[in-house]
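Taken from TrEMBL as is:
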- 66-221: domain 'Flavodoxin-like' (DOMAIN)
- 72-77, 123-126, 169-178, Asp204: FMN binding site (BINDING)
- 277-539: domain 'FAD-binding FR-type' (DOMAIN)
- Arg296, Thr553, Ser615, Arg616, Lys621, Val622, Tyr623, Val624, Gln625, Glu657: NADP(+) binding site (BINDING)
- Arg452, Tyr453, Tyr454, Ser455, Thr470, Ala471, Val472, Gly487, Val488, Thr489, Thr490, Trp695: FAD binding site (BINDING)
Amino acid sequence: MAQLDTLDIVVLAALLLGTVAYFTKGTYWAVHSDPYSNSLAQGNGTAKPGKSRNIVEKLEQSDKNCVVFYGSQTGTAEDYASRLAKEGHSRFGLNTMVADLEEYDFDNLDQFPEDKLAVFVLATYGEGEPTDNAVEFYEFLSGDDVTFSEGTSAAEKPLSNLKYVAFGLGNNTYEHYNSMVRNVDKFLTKFGARRLGAAGEGDDGAGTMEEDFLAWKEPMWAEVCEKMGLEEREAVYEPVFEITEKADMDAEEDEVYLGEPNKNHLEGSQKGPFNANNPFIAPIAESKELFTAKDRNCLHMEIDVSGSNLSYTTGDHIAIWPTNPGKEVDRFLSILGIASKRHTVIAVKGLDPTAKVPFPSPTTYDAAIRYHMEICAPVSRQFVSTLAPFAPSEEVKAEMVKIGGDKDYFHEKVIDRNLNLAQLLEILSNGEPWSKVPFSLVIEGLVKIQPRYYSISSSSLVQKDKISITAVVESIAKPNSPHVLKGVTTNYLLALKQKQHGDPEPDPHGLNYALTGPRNKYDGVHVPIHVRHSNFKLPSDPTKPIIMVGPGTGVAPFRAFVQERAALARAGQPVGKTVLFFGCRRKEEDFLYENEWQTYEKDLGENFILHVAFSRDGPKKVYVQHKIEEYAEELDKLLQQKAYFYVCGDAANMAREVNALLAQIISKQRGVPESKAEEIVKAMRASNQYQEDVWS
């Protein structure tokens with residue numbers, strides 16, 4: 001037998017490691033550890049290292065007959081999943097559990113028992129993509145050669161025992177509206193599964209998501225009852241969580257979470273990898289205001305990620321983890337009648353083994369509300385109805401029942417006035433505390449506070465260790481509302497900027513943020529962040545022409561694109577034509593990065609062309625759409641040279657209009673029917689020649 005040389009040994013070792021990795025996948029490898037696994041949340045149904053990824057096994061072990069899976073990016077789909085699970089149990093006697101799609105494998109769905117129900121609540125993210133936690137699920141179902149645990153293929157209808165329900169969360173301003181639920185429904189049907197009720201579709205673009213959900217679920221439940229032999233019963237509130245006040249513990253004890261996201265942060269150490277479960281507490285290296293207008297603020301921030309192992313590429317997003325403003329935390333504690341107990345230590349435990357505690361404990365009422373609960377979000381009509389029995393008086397209860405039961409009245413009294421939960425309760429009871437509301441119900445009814453994503457406005461080629469963001473500070477007033485809607489995260493960033501510039505008590509709009517973080521761990525002007533990779537990218541060949549459309553802060557990723565191309569040009573590399581259509585109100589107020597564009601023009605020469613639309617500087621309003629029309633011939637020539645076309649900003653109006661306008665320009669310039677031009681635009685999208693980074 002030949003002797004093994006060093007290379008042979010290395011290759012054999014690599015093969016052995018690869019084999020071990022493959023067969024232990026889901027046990028030791030590629031599993032996100034649970035952020036609360038070392039706290040009192042351990043044992044409460046949260047994901048544990050090495051737990052079974054077999055959903056059929058899990059249902060049997062926990063004596064459940066209904067699982068509600070969710071694919072969620074912002075928390076809304078997770079909230080809907082929780083609501084369906086709770087309603088299925090309280091109204092129809094189903095033994096339900098909620099499941100994160102990324103915590104289970106799906107090759108054993110062919111073993112799903114016929115007497116159980118699967119529910120899929122699926123958000124569509126970006127341009128028809130699955131949410132981060134649904135990627136593996138979607139890739140499995142959409143694969144070319146899907147094989148289930150019994151070795152059955154699609155043609156053999158392996159899922160003929162699976163009964164399921166489906167609801168999608170989408171936005172009609174995107175081309176691939178609700179594609180996740182539509183495609184998953186198509187795949188499940190192809191494999192023989194039987195859907196109960198219609199596949200529901202909620203539309204965030206039209207602002208009807210909540211009403212779409214409420215309208216869908218009633219006929220869905222009727223069919224589920226019929227097909228599964230269920231009977232509706234009177235729904236009585238049953239808490240999901242047990243809240244225990246720990247009178248023997250002090251809030252300053254080392255094991256009490258005061259807003260820390262996980263055990264490492266509690267113990268004072270930051271350990272990567274940093275992601276959606278584990279933020280990096282990053283120093284803000286620099287901050288400044290970009291607007292000169294007194295009534296509006298726009299921030300530029302440089303966030304230092306050196307030493308974190310966080311990396312980004314030009315076009316990615318940064319996630320900012322917000323803290324709720326003290327003004328709203330105080331209001332929330334006061335209206336629930338627990339202000340005097342704000343620093344009381346509480347332990348939160350799931351009363352069911354599958355209940356997932358949304359934050360680590362032991363903690364305090366203040367910390368849970370300030371750092372973990374989305375208290376400033378709009379109220380759902382269903383939650384208003386749920387809270388009605390706990391009203392402080394019969395008169396207030398009757399009003400809550402009316403608001404919860406009448407969608408037009410709900411819009412008039414809640415949505416049109418931009419009220420969050422505490423503001424609504426305060427107005428209805430005239431400040432009298434709602435002390436009968438169980439804290440468990442509050443945890444169940446409000447989603448976990450979500451990171452907010454911003455397009456990175458710097459090039460990773462130019463500054464790999466510093467991430468720039470460009471953000472307008474949100475402030476929306478309604479004429480019939482006593483409250484001005486203030487952006488939670490942007491006002492938090494404004495307060496940090498004020499602190500960095502020497503304000504001893506930064507307090508934008510009286511919101512009073514706890515800027516130093518839990519146990520003063522964020523002092524020195526720090527902010528919790530992680531990075532999310534995006535498909536919004538420059539062409540790999542820098543000589544390709546690019547056309548960018550970005551009004552307002554939609555210009556953020558294009559600052560990064562131009563910054564990168566200018567750096568390449570300075571280094572002597574050839575760069576293609578770089579055209580930017582930028583819109584703002586007035587040259588003297590909000591012409592973002594005006595001086596920088598002049599610098600980039602020097603670096604790029606005739607290869608950089610900037611078209612600026614000032615909407616309020618002349619007798620007529622001029623928007624980016626007008627500028628695009630004005631330069632239609634030049635634009636179409638570049639498109640015929642395979643220029644990449646990018647749009648960033650408002651999806652509902654600007655992005656939709658630009659999409660339609662592009663088809664009109666192609667039709668006119670090339671002398672083809674508009675239907676043909678629309679097909680050309682669709683083909684550009686399909687090939688990534690047309691990319692969007694938009695929001696509703």
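Glycine is no exception: its Cβ is also placed from the backbone N, Cα and C atoms.
For Val488 (FAD binding site), the spatially nearest entry among the binding-site residues Ser72, Tyr174, Tyr177, Arg296, Gln625 is Arg296, judged by CA separation.
Ranking the binding-site residues Tyr454, Thr470, Thr490, Lys621 by Cα distance from Ala123 (FMN binding site) puts Tyr454 first.
Pairwise Cα distances among Arg296, Thr553, Ser615, Arg616, Lys621, Val622, Tyr623, Val624, Gln625, Glu657, the recorded NADP(+)-binding residues, top out at 26 Å.
Of all the binding-site residues given, namely Thr470, Gln625, the one with the smallest number of surrounding CB atoms inside 10 A is Gln625. Cα of Ser615 (NADP(+) binding site) to Cα of Val472 (FAD binding site): a span of 17 Å.
It is Ala123 that, of the binding-site residues Ala123, Val472, Val488, has its Cβ surrounded by the most other Cβ atoms within 10 Å. Per Cα geometry, Tyr454 is the residue among the binding-site residues Arg296, Tyr454, Thr490, Lys621 nearest to Ser72 (FMN binding site). Of Gly75, Gly126, Tyr174, Tyr177, all annotated as binding-site residues, the residue with the shortest Cα distance to Gln625 (NADP(+) binding site) is Tyr174.
Inclusion criterion for the binding-site residues Tyr174, Tyr177, Thr470, Val472: a C-alpha placed within 10 angstroms of the C-alpha of Arg296 (NADP(+) binding site); this criterion is met by Val472.
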